[in-house]
Amino acid sequence: MRAHPHYNPFNVRNPSECPDWSKVFARSEQPLDLEIGFSTGRWLISYAQNFPERNIAGLEIRAKFIEYVQQKIIAGKLTNAYVLKANANTALAELFAPQSLSRVIIMFPDPWYKARHIKRRVVDQDFLRELAVRLKSGAELHIATDQQALAEDMYADLLAVPEYQNKYTRYAPENFAGIVTDIERYNQERGREIYRLVFIRN
């Protein structure tokens, strides 16, 4: 299944459901992590398999991927993974209690270059402030992109929100989970740089 490169997030306002996270996972006491924009779910599925000691929720605005990834979760008997349709820019407060998330991952978000489309980006200062409320102290925010201009914009936004502290001097040196996405592999094969941001919730 191929991902459409751009989908207007304003087409999705409210989450399709508001799960009781204490009942969704087999082991609700495990740390709750979140991937925003899981697309075809390859990264999320691998993460759930590689980190069975953690729970992973996934938010996606493109409906065609929800059932597809749900079937992958069922087929893999992954009791630590759950996905739903939701816009992270508008639904965080409905979905997650304050200080409930241990790790958030955003892999290769749409860059939305045109000036009139920048408001569609996932990561901006308003989003980061709302996310900070949902993150536990010491929680990590991981972002990866192959677009330098977007990386610099997100870096500037993160520096502008005092609840976050950069784990590294600038960009992170490596893939923290060791899971390679299709976009990452495509760029690596062509010698192109991946820009990784890792910020800690104070």
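Heads up, residue numbers simply count up from 1 along the chain you see.
Positions of Cβ are set from backbone N, Cα and C atoms, glycine also.
Model, not experiment: these values are computed from the prediction.
The S-adenosyl-L-methionine binding site annotation in TrEMBL covers GLU35, GLU60, ASN87, ASP110.
ASP146 (substrate binding site) counts 19 other C-beta atoms within 10 Å of its own C-beta, drawing on all protein chains shown. Residues annotated as substrate binding site in TrEMBL: LYS114, ASP146.
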Spatial neighbours of GLU60 (S-adenosyl-L-methionine binding site) that are distant in sequence (at least 6 apart) but have CB under 8 A: GLY37, PHE38, SER39, ILE66, VAL69, VAL83, LEU84, LYS85, ALA86
Per DSSP, three-state class assigned to GLU60 (S-adenosyl-L-methionine binding site): strand
